[in-house]
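Residues annotated as active site, proton donor in Swiss-Prot: Glu126. As annotated by Swiss-Prot, [4Fe-4S] cluster binding site applies to Cys12, Cys96, Cys197, with the evidence given as sequence analysis. The isopentenyl diphosphate binding site annotation in Swiss-Prot covers His41, His74, His124, Ser225, Ser226, Asn227, Ser269. Annotation source Swiss-Prot lists dimethylallyl diphosphate binding site at His41, His74, His124, Ser225, Ser226, Asn227, Ser269, citing sequence analysis. Taken from Swiss-Prot, the feature (2E)-4-hydroxy-3-methylbut-2-enyl diphosphate binding site covers His41, His74, His124, Thr167, Ser225, Ser226, Asn227, Ser269, and the record attributes it to sequence analysis.
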Amino acid sequence: MKILLANPRGFCAGVDRAISIVERALEMYQPPIYVRHEVVHNRFVVEGLKQRGAIFVEELSEVPDDNIVIFSAHGVSQAVRNEAKERQLTVFDATCPLVTKVHMEVARASRRSVEVVLIGHAGHPEVEGTMGQYASEDGGMYLVEKPEDVEKLQVKDPSNLHYVSQTTLSVDETADVIDQLRKVFPEIQGPRKDDICYATQNRQDAVREMAESVDVMIVVGSKNSSNSNRLRELSEKLGTPGFLTDCPEDVQPVWFEGKTKVGVTAGASAPEDLVNQIISRIQALIGGDVEELSGREENMFFEVPRELQVKNI
C-alpha cells in the first residue's frame with residue numbers, strides 16, 4: 001500500500017492568523033475570550049481553543065458587557081460591527097484579509113449603487129458577512145450558486161452590475177457561473193483578480209494533479225468546511241472516490257478495500273497534527289509507506305492586529 005501526501009495542504013495564511021489572534025488574546029488578556037462563530041471551520045482546532053478558555057458563540061447578544069470578542073476568519077456583516085461598537089465591546093478582527101478584500105469590493109459598489117451578484121453558498125457565514133456589506137437602497141445584491149440560478153436572476157439595471165465570489169468555492173464551478181453571468185449580462189463587471197483565494201486554488205490544483213494516481217482520496221477537514229468539501233467533490237468529479245474526515249476513529253477499513261494507492265490532502269482549516277493522526281490511523285488499518293509529493297510553495301503571511309503584537313508568546 002502506498003500513501004501519497006498532497007502538497008500544499010492544510011493551514012493557509014488566513015487560518016494561521018485567525019488562530020494566532022485567539023491564542024494571543026487568551027495569553028495577553030486571559031480567559032474567557034469570546035469568539036463569534038467558530039474561528040475556523042475545524043472541530044479539532046475549535047476544541048483545542050475551548051480547552052484554553054475560548055468561548056464560541058453565534059450572536060453578540062451572548063457576549064457579556066465589558067468583554068473581548070473576536071470575529072471569525074469568515075467575516076461579519078456591518079450590522080454586527082455596528083452592534084459591537086454600540087455595546088463598546090473590545091473587538092479583535094480575525095477576518096481573513098482576502099475576505100476583507102471582497103467586503104471592500106461590495107462596499108465600494110454599494111456606495112455607487114451598483115448592483116452586486118455574489119457567487120456563494122447560502123447560509124455560509126462568509127456569504128452572510130459579505131451580503132451584509134451592501135447598504136444601498138437604490139441598488140441590490142443577489143446570491144447565486146450555480147449557472148441555473150443566473151437564468152432566473154432579475155436585476156434592476158443589467159448595465160450597472162458587478163459580481164464577486166465566496167473565497168472557498170470550486171474553481172471550476174465558479175468559472176462556469178461567471179461564464180453564465182457574462183452570457184446573460186454581457187455588461188457585468190468583476191474583480192480584476194479572481195476572488196477565489198490562493199490556498200483554495202492551490203489545494204484544488206494539488207488534488208487535480210494527484211487524483212489520477214490514487215484509488216481513493218482522504219480529505220482531512222470538517223463537514224462544515226467549505227474548502228474541504230470542495231476538495232472531496234473535485235476528487236470524485238475526477239473519478240476518484242473521496243472521503244472527508246476530521247477524526248481518526250472515523251476512518252473505516254472498507255474505504256480501502258481493493259485499493260493500492262491512497263491520496264491524503266487537507267483543507268485550509270485542518271492542522272498538520274490532525275493530518276498525521278489520520279495517516280497513523282490509515283497505517284494502523286492497512287499499513288503503507290508515505291510519500292510526500294512536491295507542490296507549489298506558499299509563503300503568504302498575514303500580520304495579527306497591532307494590539308496583539310505587543311508581547312511575544
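Cβ coordinates come from backbone N, Cα and C, glycine included.
Everything Swiss-Prot records as a feature, shown here on the structure.
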residue: Cys12; record: [4Fe-4S] cluster binding site; DSSP class: coil
residue: His74; record: isopentenyl diphosphate binding site; DSSP class: coil
residue: Cys96; record: [4Fe-4S] cluster binding site; DSSP class: coil
residue: His124; record: isopentenyl diphosphate binding site; DSSP class: coil
residue: Cys197; record: [4Fe-4S] cluster binding site; DSSP class: coil
residue: Ser225; record: isopentenyl diphosphate binding site; DSSP class: coil
residue: Ser269; record: isopentenyl diphosphate binding site; DSSP class: coil
For the [4Fe-4S] cluster site built from Cys12, Cys96, Cys197, further residues of that chain with CB within 8 A of the site's CB center: Ala13, Gly14, Val15, Ala73, Pro97, Leu98, Val99, Thr167, Thr168, Tyr198, Ala199, Thr200, Ala268
Listed recorded positions Cys96, Glu126, Cys197, filtered to Cα within 10 Å of Ser269 (isopentenyl diphosphate binding site): none
Cα-to-Cα gap, Ser226 (isopentenyl diphosphate binding site) vs Cys96 ([4Fe-4S] cluster binding site), nearest whole Å: 15
Same-chain residues at least 6 apart in sequence whose Cβ lies under 8 Å from Cys96 ([4Fe-4S] cluster binding site): Gly14, Val15, Arg17, Ala18, Ala73, His74, Gly75, Thr167, Cys197, Phe302
Rounded Cα separation (Å) that holds between His41 (isopentenyl diphosphate binding site) and Glu126 (active site, proton donor): 11
Neighbours of His41, His74, His124, Thr167, Ser225, Ser226, Asn227, Ser269 excl. site residues, C-beta within 8 Å of centre, (2E)-4-hydroxy-3-methylbut-2-enyl diphosphate: Val40, Glu126, Thr168, Asn224, Ser228, Gly267, Ala268
Candidates His124, Glu126, Ser225, Asn227 (recorded positions) with Cα within 10 Å of Cys12 ([4Fe-4S] cluster binding site): none
Largest tally of Cβ atoms lying within 10 Å of a Cβ, found at which of the binding-site residues Cys12, Cys197: Cys12
Count of other CB atoms lying within 10 Å of the CB belonging to His124 (isopentenyl diphosphate binding site): 17
Inter-residue Cα distance where the pair is Ser225 (isopentenyl diphosphate binding site) and Glu126 (active site, proton donor), in Å: 11
